[in-house]
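Novice: For 67, 85, 120, the entry in TrEMBL reads N6-acetyllysine. If you look up TrEMBL, you'll see 90, 92, 112, 115 marked as Zn(2+) binding site.
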């Protein structure tokens, strides 16, 4: 009984689709208007802002790794912060798995207590 009911429903659906003709088959899709939109065309909100900033070589939300300096007293690694202090982690050697954590305070250049790399806190303003 149920199978006959489903067969009848299927037949009605097929008839309705055939009655619509080619107009139903030519329903608009993303591909008919010029192809699939790119990520930049489809992105909205914060994602779009980040993509536009990346295209212009900007990093408004500090997503990218900071540019490393030599770490000497004359050219310390610059660490942005919105406060007067920030905690910093230093991986002293490439193959080392331990991180040395220390507080970095505004105004003074500080050294990593383990390897001697120099860091300096610089003020950072939000882009919005």
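Cβ atoms are placed via backbone N, Cα and C, with glycine included.
Automated prediction, rather than curation, is the source of TrEMBL annotations.
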Novice: Could you round the CA separation between residue 85 (N6-acetyllysine) and residue 112 (Zn(2+) binding site) to a whole angstrom and send it over?
Specialist: 15
Novice: Ranked by the number of other Cβ atoms within 10 Å of their own Cβ, which of the modified residues 67, 85, 120 ranks first?
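Specialist: Most Cβ neighbours within 10 Å: 120.
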Novice: In angstrom units, rounded to an integer, how far apart are the Cα atoms of residue 112 (Zn(2+) binding site) and residue 67 (N6-acetyllysine)?
Specialist: 18
Novice: Counting across all protein chains shown, how many other Cβ atoms sit within 10 Å of the Cβ of residue 112 (Zn(2+) binding site)?
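Specialist: Cβ-Cβ neighbours of residue 112 (Zn(2+) binding site) within 10 Å number 20.
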Novice: May I ask for the distance between residue 92 (Zn(2+) binding site) and residue 67 (N6-acetyllysine), taken between their Cα atoms and rounded to an integer number of Å?
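Specialist: Distance (Cα to Cα, whole Å): 16 Å.
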Novice: Suppose we draw a 10 Å sphere around the Cβ of residue 90 (Zn(2+) binding site). How many other Cβ atoms does it contain, all chains included?
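Specialist: Total other Cβ atoms inside 10 Å, all chains included: 20.
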